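**Q** Take a look at this one; I'll ask things after.
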Amino acid sequence: MVKLIASLMLLAVVAQAYGDFKSKPESKSVLRELKNEASRQNQNQNPNRNEKKNHNHGEGQDQGCKGSLEVPEIPKGWIDMNQKCINKMRHQIQEEINASYQYLAMGAYFARDTVNRPGFAEHFFTAAKEEREHGSKLIEYLSMRGQLTDSITNLITVPTVAKQEWNNGAAALEEALELETKVTRSIRDVIKTCEGSKDNDYHLVDYLTGVYLEEQLHGQRDLAGKLTTLKKMLSTHGELGEFLFDKNL
Ligand SMILES: *[C@@H]1O[C@H](CO)[C@@H](O)[C@H](O)[C@H]1NC(C)=O
Ligand SMILES: [Fe+2]
């Protein structure tokens, strides 16, 4: 019996050693891959990279997934966005994604069976979808302008949502209004950076002003109106006021 256990243990040790031996080359290549990824990220983070390198598709064969054919050389003059403006746009994409997650958390809170405010839940789930779409449209815009050539590693990070409970519907609407005000300021900031006497990006500034700011301002007014009505109903009817308001949302 003792002999049997001893030989089993020996077998296990040998098997493990063999496993280590086998997995070594693999873990090395994983390490190499991680290093490559890290150096790629460093390249992407360098805001001073020049435009030419930025758009030389033929280089960097190690990046994979680009197909086996070399990307042909074509004129690059049409790719003319200012780097500071691009950076602000990338920041704005993350801003929209963050807002989307915040609204998703609000929707989930009001959808809880113990909270049960279906009107609020749907309102915030819809807002989450819209914010996600705003982010997606800005990504498409960068692509349209030829500015989405390199790796997208640093374009989006999944945010952690700090707040997950609200005292009542009014508190959530108030926070939504503050969130929208922050997003509006951030869009204004992109516009300010992207306009200017020399590098005025007329098209982007027009798009952000006409589409994004337009929606922001109407959205803010809508939230402000809803908040006023709800607060009036709360002050006269308390919980019943919120119940009725939710039905009508
Ligand atoms: C998005 O949210 C994260 C928290 O998860 C935060 O660190 C980051 O600064 C936010 N980004 C923007 C652009 O608001
Ligand atoms: Fe938005």
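Keep in mind that glycine also has a Cβ here, set from the backbone N, Cα and C atoms.
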**Q** From the candidates Glu73, Glu95, Glu96, give the one listed by TrEMBL for the same Fe cation site as Glu131, His134, Glu180, Gln216.
**A** Glu96
**Q** Just to be sure I understand the packing, how many Cβ atoms besides its own are within 10 Å of the Cβ of Gln216 (Fe cation binding site)?
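**A** 20, counting other Cβ atoms within 10 Å of Gln216 (Fe cation binding site).
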**Q** Report, as a single number, how many Cβ atoms besides its own are within 10 Å of the Cβ of His134 (Fe cation binding site).
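**A** The answer is 22 other Cβ atoms.
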**Q** Please list the binding-site residues from Glu96, His134, Glu180, Gln216 whose Cβ falls under 6 Å of any atom in ligand 2.
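**A** So the answer is Glu96, His134.
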